[in-house]
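First comes the structure, then the notes that go with it.
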Amino acid sequence: MNPVVAPTSQPSAPSASAASGASGASGAPAPVIGLRGAAVRVGGRTLWSGVDLDVRAGEFTAVLGPNGVGKSTLVKVLLGIVPAASGEIRVLDRRPGEAGSRVGYLPQRRSFDPDLRIRGIDVVRLGLDGDRWGVPLPFSRTRRDERERIAEVVELVGASAYAHRPIGQCSGGEQQRLLIAQALVRRPEVLLLDEPLDSLDLPNQSAVAALIGRICHQERVAVVMVAHDVNPILHHLDRVVYIAEGGAVSGTPDEVIDSDTLTRLYGTPVEVLRTRDGRLVVVGQPEAPAVHSDRHAG
Amino acid sequence: MNALLASASASASASASVASAATSGASGMTTSVWAQPFFHHALLAGTFIALAAGLVGYFLVLRAQVFTGDALSHVAFTGAMAALAGGYDLRLGLFVGCVLVALLLAGVGRRGKADDVVIGSAFAWVLGLGSFFLTLYTTSASGLGDGGAGTSVLFGSIFGLDGGQALVAVLVALAVAVAVLLIARPLLFATLDENVAAARGVPVKALGLGFLVLVGVTAGEATQAVGSLLLLGLLAAPAGAAVRLTDRPFHGLALAAGLAVGEMWAGLALSAWIPQCPPSFAVMAAATAVYAATWLRPRRASRSSLVVARG
């Protein structure tokens, strides 16, 4: 859980500049995700417009904002499930939805039925071959490679101890790790996560956040994660997209989660406070029940 | 009309032959029943019907759609009665009715999964319609007062299948089994993780529809073996036992099919030995006994280690 900064200094990361720097466009590799003036309409209503965003390999980006502003819709636009109303959107140099297994996806979800008697490892395996017709043949040539890859990815998320148990009997955090393994099993270059920390307890929130940060920086996966609360992931983040009031700002966490920036975005005075332990609290944000608990705590 | 009369008379002659075999002494009884062509037809058709029912049933249980199967059992009765009243082969009514209603349930229910209220409302109305058709059939000239057709659809008449009917049953069941195996993996994905499967390009909705069509065909098949009232048992019991016995999905699929076939054989053998024991009852008794036995099995070791790990 601890060193998220360490991997960037390892020689395995050939382009460390990409992970750290978003400012210098020259020399940086082309972004894996690019949005230019993107807008989306759902049911005749424009959810947001004018969103610009570049995400490069190995960058951890959070999509923040109050409830109901269309954070999940941004992920669905990147997946190609929801069409963009205007603007240009590129995912891995293709249009959304055309990059296939190079994009991993973890939807917002409730947990599995406790009575579900399917092993975690079988759920992970579906990420590898679930879209293939037929049934797995017992003596096929690729079977050993597949088994090795599944064991590898289960090890990566630290789920080896319980991957052979029925997934319904695993805890919420364990299920979430297995589902992250499922999303990673085909070595995607982009990982889209929709509120993966939702419904986890605090220790599991920080553990899963650290896991995602590690995967992002070590495996050079570009992560875009919709989040309710920025604090569990704050230390792992490279970029933030903050959606509110039909608009959006993007940049580094320090640039975006800032009193002046958010005041401009909301159009009303908003203050960002930093508590002694480094947590950020947004005060004065309209229609945001999400931060009530934080406000009392701060 | 001809087919109907043939099936009705075959049913009558089959039960007569069982009865006569029963009266002709213990040693002669078993050999004579086992050697009868009606028993061979029943064994052949029953084997493949059970195979299809086991495979389809596994996904019904996994998708929590067992009560879709229950609705279809009502429809099976009504469809067969409607066909008889209209003067057609009752199997035509079975298949058309089951498939149409399976599609209807899928269309009304959201996302290819029929919901409880929809199924519940369909139940009573459909069964009432069935009794209407039965009355229409028995009181019409074409019915010739054959009230037994209703009973044979409700409780099955597998010993009444002739060679041609058995062959059709085998071919249809085989087609269902192949189709289930073909869609097994994406269907499992769509069942466990609908959103991820859809994002991966799995045609979730089409699979749900296609699966319900297979359920409809299987319900029509199983009605011939165990009757519309009991077909739910053939769909649910072997699959339920398999789900309890293994936590590996494809082992479970194979086990459900294997258990269903084994239970069909055991039931047919039982009813051949004991003439008072109708095949539908014997098959259901075997299926229920196996399912009940899975509850006697001790808890898995992994479960206890889980408790230790958490404690």
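Glycine too: its Cβ is placed from the backbone N, Cα and C atoms.
Remember, TrEMBL labels are computer predictions, not curated facts.
Keep in mind that this is a model prediction, so the values were computed, not measured.
Noted in TrEMBL for the protein shown:
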SIGNAL    B:1-21  signal peptide
TRANSMEM  B:37-60  transmembrane segment
TRANSMEM  B:67-86  transmembrane segment
TRANSMEM  B:92-110  transmembrane segment
TRANSMEM  B:117-137  transmembrane segment
TRANSMEM  B:166-190  transmembrane segment
TRANSMEM  B:202-219  transmembrane segment
TRANSMEM  B:225-245  transmembrane segment
TRANSMEM  B:252-274  transmembrane segment
TRANSMEM  B:280-296  transmembrane segment
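If you look at the transmembrane segment (B:202-219) against the transmembrane segment (B:252-274), you find fewer than three C-beta pairs under 8 angstroms, all six or more positions apart, and that falls short of contact. The stretches the transmembrane segment (B:67-86) and the transmembrane segment (B:225-245) are in mutual contact, each linked to the other by at least three Cβ pairs under 8 Å (pairs 6 or more apart in sequence). Sequence-distant contacts of the transmembrane segment (B:166-190) (same chain, six or more residues past either end, CB-CB distance under 8 Å): 41-42, 44-45, 48-49, 51-52, 55-56, 59, 62, 91, 95, 196-198, 200, 202-204, 207-208, 210-211, 214, 217-218, 220-221, 224-225, 249-250, 253, 257.
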